[in-house]
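K.L.:
Sharing a structure with you now.
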Amino acid sequence: MIKHILQVEETKKIFEEIDDNEYEKIQDSRKNDDFIVDDDGYGYRDHGGEIWDRDGDVEEVGKKKKKKQNNHDPNENIMNYMMPASTLKKKSNAASTNPSAQQKPKVSVEQSRDIMNNLFQQLDAKDVDELEDVNEAKNMFVQEMNRPVAFNKEEDFNNRYSVTLESREEQERRRQSEQLKQQANIGQNQSDVNPFSKKRKLDEFQQVQANSYQSKQNSHSVSKSKPGDHEMANHADGVDLNLLAIDDTKMTDSHPSEIITQNQRASAVSSVNQQIMESTNGKNQLEKNDTEWQQMKEKNAVFNQDLRMNDNALMSNQQDYPLPLNEDGTLSFYWIDAHEENNGADLFVFGKIYQHEERKFVSCSIKVNGMQRELFVLPKMSGKSRAAMTTEEEKEQARKVMMELEGVRKRFPAITKWRCKPVTRKYAFELPIQHGEHQFVKIKYDATFPSLPSTVQGNTFECIFGANQSMLESFILKRKIRGPCWMTIRNPQKVTDFRRTWCKQEILVSNPKDIEITLDDLNKTELPPLTSVTFAIKTCRSSQNTNEIAMLSCIVNENISQEGPSKIDVHKSFTLLRKLDGKPMPIEYERAFRDKKDSFIQFFQHERQLIEAFVAKIYQLDPDLMVAHNLCGGMFDLLLARIQMLKISHWSRIGRLKKNQIPNKKSDQSGANYGGSQWIPRQVTCGRLLVDTFLTAKELIRETNYDLTHLAKVQLQKDRIDFDDDLLPTFYVQMAKLFQLIDHTEKDAYLTLQLMNHLQVIPLTKQLTNIAGNLWFRSLQNARAERNEMLLLHEFKKKKFVLPDKKQLNAKDLKKNMFADEYEEGDGKTKGGKRKKAAYAGGLVIEPKAGFYDNIILLLDFNSLYPSIIQEYNLCFTTVNRRPTKNFDGSEMKNQYKKGENGEEEVDIEEADLPDKNVNLKDAVLPMVLRDLVQKRKAVKDKMKTEKDHVKLSQLEIRQKAIKLTANSMYGCLGFGSSRFHAQAIAALITRTGRETLLRTKDIAENKLGFNVVYGDTDSIMINTGSNQLQQALEMGKRLKGEVNCLYKCLEIEIDGVFKSLLLLKKKKYAALKYENFLSPAEVKVVQEMKGLDMVRRDWCPLSKRVGRYVLDQILSGKQREEVVLNLNEFLSNIGNELKEGTIKLNEFIITKQITKAISDYNDIKGQPHVAVAKRLRDQGKSENQLVNNFIPYVICQQTYGDTTKSSTALSDKAYHPDEVISSRGKVTIDSDWYVSTQLLPPITRLIEHIEGIEVEFVAQCLGLDPKKYRYHSEKKNTDNPTDDPLIVSNPVLQTETERSLKNRTVAELNIKCPHCAHNYHFPGILVPSSNNTELTGLACVKCNQRIPDAYMLNRLNLFLKQLTALYYLGMKECKEPQCGMKTNQLLLNNKCIVKGCKGKMNSEYSELRINDTLRYLEGLFNVKKFLIENEKYRKKYEKPELVPNFQSFKELQKKVESFMIRSGYNKVDLGNIFGFMSKGANPHQQKMSIF
């Protein structure tokens, strides 16, 4: 046997053993080795230690680490950090006892001085700008580390641009003063040193170090007395003093001849500490606001442990559980959602069942088979009318129709069979079919066969109804399903193989009749709680200029109530975070994530991993609700785009229906799918409900802004900081900042959940769905028209009506339908583009009497005006006689359009008449539905009065609100063009009746009660009570309420608001102080209300918004007018002085505007300053991807060259980025004149336009402008004082009912100068009351009572009329812009102002309308007959006009005015011009007559 002997070779030593002396030599050699080439010892250096020594320092914690840190000088690290490495090497060599260090050759003092002098001479020979800061890179890094946290651009601008700009003269004066101070402080040793030299800088640097050490000692002594400030002091010494020491180059550049004294350095340190204190206070305030959030996170941290489990462990195998059947073999199923696929061939119902094994509700889906399509065919009439046909003739007609239909079926081989039979149905809609009962042929065939085209025509039938009806809609209507409810499922079959959904349980039903609505459920009586996942995301921009998901935080709540408020305090949360491309993560981020106990954070290297984890979490949690703010406005589209781009597997787990391919159609509402179910977010999430709090807030509350920050503030009383995705990379510098970002994202998700709960979105939309009978997901999408449509479909289906088909939309109509919510009733404009002119007039707007009212104004409003009109006059499709508007193919009838004046088509709607309101027709569906809703709401409100349980009271409040919303929106489906129940004739009739009702109310208020109506809009009026007593004003409102309400049965007006004071500017624009709780005197309080005054637009700078807000607050303050004027004078003067002195910070002038397309696509940038700035930034090296779709900040400036200032007229030449202004060093300064004239004066002018005692001239003078330019506007307002000029512009009270409608037009009043006493007065008319209760003739002077001679009066009137004619033919036009006021009689094109830069319109100063109004006014002054007709008192006294004093004189004066009126072409209506086209010899080129 051979043995193998193993020979082991002697191994080499892995570690080398040396003694202490040799190890110290190695360490010293490391310290002396400059391992950075050409660094000269100023950069990095090796401390000589080992790697494990540094690691131990990092990981060492507890008392041992603290003890080690206290053994050395606390300033040593700072000194070592700031001093060059060469200096540290010298210190180390001098202190070391290493012999090798002492063996180096010594350099004498003289040699050292020579070397240093040579170095300094070389440095002094260079210009200061050529010298580089050796610590520049380190300085930039420290600045980045210590930059204050900014979540949005506004905070970033405030941090960067919260500086005061100095003018060039101020800089020069400051430098001269500093040079004198420097010369006085320069010592003898430094008298020959160049102030720009490095030696000088080194001396200053070392002095700063000494001062910083002294400051360190002082701060330590302070910290002993105030332990709470220790952390702040350490922060100040450890960070900001570094910045002071490092930034020596910048200090020298700004102050070239300054020597930093100890006092100045101490002042600088004090200033820095003050800034730190302010920053710390702000941080403490923010932490105080977030205390509730942090406590909640800590409380819910234990629930997050479930989310840390393995994915497979979290998902148990629920599908193996048996179905929880009832004793009778049925299944109790709670309906939540439904969806159809393959054109209705596959119908899925989603809901929840109670799984006993799990002791909770789990998701379940039902695949419904056996659906049938139903079509109704209308036979064609020939000869006889339907009413005259006999039964046999109807049968023969039906037989012929069925024979032809069989031939039609054979043309479609996919439809193998169907069944037909004649039935009787009703019709009452817009096709040319007589309203009433008719015979139809009903067709039924299996839903797996394709649908029949609705355009099929035949010889024996007119059209086919129901061809494009979706199977889901048919299922809902036939099974009478009205929203989420319990169902009883008979014969359920559990699906185990080839499952089509991701639900925990899946069943199959062979016949839809096996599904029935049940009220008494055998399994569970309460409604199942819903599970919600509320998420918020943070995005970043990729190098390809695409949005990517960087962070995603979710709040999971498994107990969302369907009937009332939910308990959302208890929840789970998790955050998914990934690394940014090209951006390193902070040090030890993984351990920091693991140690974060109050949050569950998962980190991923790539976006793909993050999204896959999110999809997996959705599948595991199986939520019923997916909640986010602005979810449907781009967030979900982004998520799906990234899923498609990254090819995420099992992406359909976001929903509950299994799919292979992501749908690529944006929307397809023209198809048969219910509710436009081809919308992509709906396609991928069917089975789950999408809750977008942005959309629901727009539906449920009225706010000026619907972003999360504003809604959290006004609805939740919570502060939120806006976040700008462009600043996302700045948070990846430190873990503290990254945790702030994570916390911000998690809090966004929680605020969204709070908002959903506060607005009661889930219970309210459920009630709306239960009332209307539509799908819940459509109610969550604010499909108001669809809710009303489904409600009417249920009602008309119940009454055996043939339902109108869904309109087939083309691409153009589809685009309109997507923005259907932007349409207004009776208005022809949309946000998305143009459409035909308004088909009918909308609500009436009474012209406002603009001005400031310092007494109580009452706002009275009709309760649900349009629904009440429908009930009051019994308006319905079946009661209003109207002509048909559509052909059988669904197209509009041609007679619906006529040519307008501009050649465009206008809809010509027949004015329908009101039906007989005393006739009660049983088929009047609209009034019946509204009446039923009103009765239900009344019953709910009566129950609320006696209910004491807060939970039940909240549920009742939600139900009554849902009923109110449904009733108020019922009118909308009539005027909505895409609605199946579109009936413009009925809608026009309702709005016309509404206008008549408002006018009737106005007439009662003014003529019967003598009230002053100052404004009215659609269903409300404002009344000036003339009183400051609240109870007295309310009594006036009650009087009007009683007079109006007694005229109607259903219409009712109520006091809706009481304004203590009102600033009424124009239509839909006012501000007021409003009484709240005015019916309860003990609880009355005054709040400010604004409508239409938009002060948040980005094209107004912060200074403009601040000034406008102050002016408005002063006007509404209730102070005396003199005090308001003094306050405004002081405030505006201070603003003007600050602008002149340049003490306003730069961020107050910043205007932002978005770049919406590629910069090269902008053709003309002269009037677009943001584009000019963006173009300049692009030329400076910024990529276009960083500019497009971003908001560009800019300020308007003027350039300064020496003593001259260059100011261009083009805004593009005057616009600068804030960074450019700062770096210009005084060469570019703010153009204060532009800001005053463009940003400050216009908004102030609009606010004070109707305030007496405050003129534009006064405001311009306060702001430092030339008041002469604005004197015209002041004179234009003060026209009440008579002058020698007989033409005085004013608003006289006209004398006839016809002319009363003209009282808002300016006319020229007749002014008479008495020939006896030379007194000027307005001619008063026929008779005027005197002080002793006697009547005086208008031909007597109001002062001396002397009779005016007839010849003098006639001559004065003749001169007045000639001057009036001369003013008209002068053709003067004036600009309507307040700051322009240009007048000219030049011939203008498009009536645009001729002043360069002004965008105002030029209007005629004396137009034809104004001249005609003046003539009619004058004719009324001398018309005795008209005077007696209008004045009953004088009519009784003077039985005949001839008995009135001076009758002949007035008659002659009237003839003179009538002679001018006859000459006026404007006063005539030439019927020949109007109807001349009907005559054969008509001349189409007749010239228009002149006014005179």
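Any Cβ shown, glycine's included, is placed from N, Cα and C.
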K.L.:
Can you dig out which of the ranges 775-798, 1231-1254, 1375-1398 Swiss-Prot describes as motif 'CysB motif'?
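P.N.:
Of 775-798, 1231-1254, 1375-1398, Swiss-Prot gives motif 'CysB motif' for 1375-1398.
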K.L.:
Do you know which of 632-662, 911-941, 1314-1344 Swiss-Prot annotates as zinc finger?
P.N.:
1314-1344
K.L.:
Excluding CYS1314, CYS1317, CYS1341, CYS1344, which residues of the same chain place their Cβ within 8 Å of the centroid of the Cβ atoms of the recorded Zn(2+) 1 site?
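P.N.:
The surrounding set, listed in chain order, is PRO1315, HIS1316, ALA1318, HIS1319, VAL1342, LYS1343, ASN1345, GLN1346.
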K.L.:
So of CYS1317, CYS1341, CYS1380, CYS1393, CYS1398, which of the binding-site residues has the fewest other Cβ atoms within 10 Å around its own Cβ?
P.N.:
CYS1317
K.L.:
Cβ distance under 8 Å to CYS1314 (Zn(2+) 1 binding site), same chain, sequence separation 6 or more: which residues?
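P.N.:
Residues satisfying the criterion: ASN1320, TYR1321, CYS1341, LYS1343, CYS1344, GLN1346, ILE1348.
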K.L.:
By a simple count of other Cβ atoms within 10 Å, which of CYS1344, CYS1375, the binding-site residues in the record, is least packed?
P.N.:
CYS1344
K.L.:
To the nearest Å, how far is the Cα of CYS1393 (Zn(2+) 2 binding site) from the Cα of CYS1317 (Zn(2+) 1 binding site)?
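P.N.:
About 45 Å separates the two Cα atoms.
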K.L.:
Any idea what the Cα distance is from CYS1375 (Zn(2+) 2 binding site) over to CYS1317 (Zn(2+) 1 binding site), rounded to a whole Å?
P.N.:
39
K.L.:
Would you mind reading off the Cα separation of CYS1317 (Zn(2+) 1 binding site) from CYS1398 (Zn(2+) 2 binding site), to the nearest angstrom?
P.N.:
47
K.L.:
Within the zinc finger (1314-1344), what mean pLDDT does the predicted structure show?
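P.N.:
Within the zinc finger (1314-1344), the model's average pLDDT equals 71.
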